[in-house]
Amino acid sequence: MTMQRVCLLGATGSIGVSTLDVIARHPDRYELFALSAHSRIDELAAQCLQFRPRYAVLPDAAAAQTLRERLAGSGVEVLSGAAALAEVAAHAEVDTVMAAIVGAAGLAPCLAAARAGKRLLLANKEALVVGGALFMAAVKEGGATLLPIDSEHSAIFQCLPEDRSTWARRIDHIVLTASGGPFRSRDPASLSNVTPDEACAHPNWVMGRKISVDSATMMNKALEVIEARWLFDLQPEQVRVVLHPQSIIHSMVVCRDHSVLAQLGTPDMRVPIAYGLAWPERIESGAEQLDFMRLGTLSFEPADERRYPGLPLAWAALRGPEGGTAVLNAANEVAVAAFLAGTIRFDQIHSVNAHTFERTPLGSGAAGSLAGLLSLDAEARSVARQHLKALS
Ligand code: NDP
Ligand code: MG
């Protein structure tokens with residue numbers, strides 16, 4: 001068995017920590033080449049001392065200097081800046097890149113890894129939502145192997161054969177399951193005064209704060225609809241969503257003959273992470289096995305658009321001109337940050353998203369380059385911030 005050298009972007013986050021947990025179980029298969037983080041320097045320092053990667057990367061130069069002093073004599077070299085992230089992601093000695101940064105900040109290193117033909121494990125859905133066609137073209141041109149880590153997309157991927165050229169003939173549509181988040185049974189009219197901690201208390205999954213809020217609004221599912229369109233090359237109407245509060249069925253493929261294939265498991269991100277790391281093999285993940293005798297009922301419901309008004313924006317963005325999905329993502333990043341900071345109410349997240357989506361001019365050709373997408377992202381953030389001022 002050859003050793004895979006792994007570059008882990010977003011090591012200090014929820015996915016990053018779960019990835020390290022799986023890697024630590026298989027020291028004969030994986031070694032860490034680089035770890036990156038943003039603000040949690042103490043956690044990154046501890047990870048570096050445990051896993052001894054060649055490089056540690058932080059976007060900020062002053063934070064990197066602090067880390068350098070902390071790691072003196074350890075043999076870990078500390079790099080800083082956005083360019084360094086892209087450099088380690090594309091480094092000739094790296095086999096596998098785990099993209100677990102949150103938000104559009106992950107797009108540039110993802111594109112670098114794709115263009116360098118890496119095995120690219122994609123948790124960072126926002127990068128694909130922003131990058132869209134450009135991202136998929138980079139994967140194709142670079143000859144990268146793109147493996148989904150989002151549990152729903154991993155489920156779909158696990159239900160499909162290895163030969164991608166057969167997918168279009170095989171798939172009628174896919175069904176992404178959604179837990180409905182912590183407010184599934186709350187009266188929508190009572191959602192105006194929920195706190196960030198209530199919104200982050202997900203019933204089934206333990207995740208970072210941004211994706212937890214996205215799960216409560218179901219903007220997470222909206223982003224996943226867009227992500228699925230690109231990963232599996234589907235028309236927008238071929239991606240459907242159903243609420244499944246138990247989070248046991250992680251998603252389903254409805255085939256042309258109407259046979260339905262599903263992937264099941266306990267809600268533990270180490271399963272899709274282990275699958276991405278080992279594909280096409282399977283390795284131990286550390287997750288508990290499903291206990292069918294204690295499972296009880298698996299239930300399904302439609303997603304109520306009064307409770308989750310942001311969900312339909314996914315199809316609107318996919319059917320509209322290119323760039324709309326990048327605008328939607330930028331608006332949502334600004335809105336969620338404002339909600340977590342206590343600046344806006346929970347129900348105003350949708351107001352920011354809908355307003356920004358309608359008002360941001362898409363221009364022409366912006367979606368064709370990283371620079372164009374980043375400037376569209378900046379424009380949408382500015383429209384969203386102006387709306388925040390109007391709300392406060
Ligand atoms: P976390 O917030 O827990 O972690 C995010 C990671 O990205 C941290 O390492 C953080 O560093 C780093 N980071 C944040 N901002 C920046 C930036 N501007 N530049 C560079 N690095 C940055 O998020 P999650 O682990 O929950 O999610 C990561 C991605 O995976 C998201 O895109 C999410 O949608 C996706 N995902 C997550 C799932 C989950 O179960 N958590 C499930 C499916 C998908 P630091 O901590 O040092 O600040
Ligand atoms: Mg998911």
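In case you wondered, yes, glycine gets a Cβ from its N, Cα and C as well.
Copied from TrEMBL, the annotated features are:
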BINDING   T12, G13, S14, I15, N124, E126, G208  NADPH binding site
BINDING   K125, S151, E152, S179, H202, S215, N220, K221, E224  1-deoxy-D-xylulose 5-phosphate binding site
BINDING   D150, E152, E224  Mn(2+) binding site
DOMAIN    6-132  domain '1-deoxy-D-xylulose 5-phosphate reductoisomerase N-terminal'
DOMAIN    146-232  domain '1-deoxy-D-xylulose 5-phosphate reductoisomerase C-terminal'
DOMAIN    264-382  domain 'DXP reductoisomerase C-terminal'
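Cα-Cα distance from I15 (NADPH binding site) to E224 (1-deoxy-D-xylulose 5-phosphate binding site): 16 Å (rounded to the nearest whole number). Taken residue by residue with DSSP, H202 (1-deoxy-D-xylulose 5-phosphate binding site) is part of neither helix nor strand, so it is coil. The 10 Å shell around the Cβ of T12 (NADPH binding site) contains 22 further Cβ atoms across the protein chains shown. Taking the Cβ of I15 (NADPH binding site) as centre and 10 Å as the limit, one finds 28 other Cβ atoms among all the protein chains shown. Sorting the domain '1-deoxy-D-xylulose 5-phosphate reductoisomerase N-terminal' (6-132) by DSSP state (H, G, I as helix; E, B as strand; all else coil) yields 61 helix, 27 strand, 39 coil.
Of all the binding-site residues in the list G13, N124, E126, the shortest Cα-Cα distance to H202 (1-deoxy-D-xylulose 5-phosphate binding site) is found for G13. Checking the binding-site residues G13, S14, I15, D150, E152, H202 against ligand 2, the ones with a C-beta less than 6 Å from an atom of that molecule are D150, E152. Counted with DSSP, the domain '1-deoxy-D-xylulose 5-phosphate reductoisomerase C-terminal' (146-232) comes out as 49 helix, 11 strand, 27 coil.
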